[in-house]
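Per TrEMBL, the features are as follows:
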- 46-450: domain 'Major facilitator superfamily (MFS) profile' (DOMAIN)
- 40-64: transmembrane segment (TRANSMEM)
- 84-103: transmembrane segment (TRANSMEM)
- 115-138: transmembrane segment (TRANSMEM)
- 144-163: transmembrane segment (TRANSMEM)
- 175-194: transmembrane segment (TRANSMEM)
- 258-278: transmembrane segment (TRANSMEM)
- 299-319: transmembrane segment (TRANSMEM)
- 325-348: transmembrane segment (TRANSMEM)
- 360-384: transmembrane segment (TRANSMEM)
- 396-416: transmembrane segment (TRANSMEM)
- 428-446: transmembrane segment (TRANSMEM)
Amino acid sequence: MAITKDVENGVGMHDAQGNEARQPLLIHQKESSADSQGSIWMVLLSTAVVVCGSFEFGSCVGYSAPTQSGITKDIGLSLSEYSVFGSILTIGAMIGAVTSGHLADFIGRKGAMRVSAVICIIGWLAIYFAKGAVLLYFGRISSGYGIGVLSYVVPVFIAEIAPKNLRGGLATLNQLLICGGHSVAFVIGTLVTWRTLVLVESPRWLAKVGNQKEFTAALQKLRGEDADITQEAEEIQEYIEDLQTLPKAGIQDLFQSIYIRSVIVGVGLMVFQQIGGINGVGFYASKIFVSAGFSSGKLGTILMGSIQVPITIVGALLMDRSGRIPLLMVSASGTFIGCFITGTSFYLKAQGIYMEWVPTLALCGILVYVGAFSIGMGAVPWVIMSEVFPINIKGIGGSLVTLVNWFGSWAVSYAFNFLMSWSSAGTFFIFSAANAATIVFVAMVVPETKGRSLEEIQESLNSSK
């Protein structure tokens, strides 16, 4: 009002003109801010849709923990037959992992997710209507195939559409929804019968396959209608053009010197994630608590389900602030401590001393383990896997890493019941040693990827050689 009055009186004309000159800039900044918010919402919406697949992943993995007694009683499965039911999910997932990279490259990320969703539905229906072991196995292996594809496609899709300052946090939503599905299966599975428990394109991929118009449109939509995408589009296009001068990658190409560090990092993290024991604990939580002296596993599984989601949220919030490496180090240290406490509780039970402490120690150890895993080792390996491979080998490299993860999951989940029969304490001390080795591997081998574009990460990995 004062400026208007001065202009009308012929005073302070310079200020008025200065403000008039700044008006278009201010308007443009407001429009850019609003457009930026709109583009972020588009990224968030796309992420929210695809992580529904992560929820399905978690539900499938968590299904066998609370349903063991019900299924073995109703269907009449032996211990070894139920071990097959629990672990055969990972066989299907390994098959899904082998095909996931080629499938995602051929029909696109969204197409691959659609296929996996249909197969998962078929699997759940087979389990629901099962009257014997054969249909149970078919349903479980079908669901496994679906989540094997999803376990690769979801984190890769998120990493490719997210801006670099949000990529870590958004990619962690994959693990958050896995934990959410896991928790829902744990909690609801203790309250209902096992049958009742049964009852959404990446611009980089478009650029790679040569859809220039669709590539530009997708990137513009994700960054905002008025956002200047020229530099980002040029960086992606230049990077892909360089990659296209290389011959088509095969499995043998992964072991060339230019890619070997990416393979070591990706495969190594998945190996250590699995041999740390997460799928043994996740698949057979109920049995662990009963073995420790609880009358049933309900309390323990409910507590496990209750802590996973909030702790994973904390990890997601810290991912792009603290970085990947600190989260991995804290997480691996916590899983080491949790397994050591649990192993100690079973050792005391075997020796017949401090028996009144055994259930409490076992429960505390498992909760420490699950909480520590949820904050880092659950999500970060998948985030880093989606970041370290260049796009020309992302399909074959991601398939290899996912296959290794699911093979490790199968080996641990199948062997877990037999290991517990051999020595409950020894089982958890082995897991504890594996988690200690994880700390060394992360400290010596794994690169920090926080705040870097996917192209910058590749440049860094290549220059470090």
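Don't overthink the numbers, they just go from 1 along the chain as shown.
Every residue gets a Cβ built from N, Cα and C, even glycine.
TrEMBL does not curate its annotations; it predicts them automatically.
Values in this document were obtained by computation on a predicted structure and should not be read as measured data.
Here the transmembrane segment (396-416) does not touch the transmembrane segment (40-64). Their Cβ atoms form fewer than 3 pairs under 8 Å, with each pair 6 or more residues apart. Between the transmembrane segment (84-103) and the transmembrane segment (144-163) there are at least 3 Cβ pairs closer than 8 Å, counting only pairs 6 or more residues apart in sequence, which means the two stretches are in contact. Long-range contacts of the transmembrane segment (325-348) within the same chain: residues 272, 276-277, 288, 291-292, 315, 318-319, 354-355, 357-359, 361-362, 364-373, 375-378, 380, 423-429, 431-432, 435-436, 438-439, 442-443, 446, 448, each at least 6 residues beyond the stretch ends and with a Cβ under 8 Å from a Cβ of the stretch. Counting Cβ pairs closer than 8 Å to the transmembrane segment (40-64), the top stretch among 115-138, 144-163, 258-278, 360-384, 428-446 is 144-163. Beyond its flanks by at least six residues, the transmembrane segment (144-163) meets 43, 46-47, 50-51, 53-54, 56-57, 60-61, 88-97, 99-101, 103-104, 109-110, 112-113, 115-120, 123, 170-171, 173-174, 202-205, 222-223, 382-383, 385-387, 394, 398-399, 401-402, 405-406, 454 of its own chain at Cβ-Cβ distances under 8 Å. Same-chain residues lying 6+ beyond the ends of the transmembrane segment (360-384) with a Cβ under 8 Å from its Cβ atoms: 151, 155, 159, 167-168, 171-172, 174-176, 178-179, 265-266, 269-270, 272-273, 276-278, 281, 285, 288-289, 292-294, 299-300, 303-304, 307-308, 311-312, 314-316, 318-319, 324, 327-335, 337-346, 348, 405, 428, 438, 446, 449. A Cβ distance under 8 Å defines the sequence-distant neighbours of the transmembrane segment (115-138), meaning residues of its chain 6+ beyond its ends; these are 53, 56, 60, 71, 75, 77, 81, 84-85, 88, 92, 96, 103, 107, 144-150, 153, 195, 198-199. For the domain 'Major facilitator superfamily (MFS) profile' (46-450), the predicted model reports an average pLDDT of 82.
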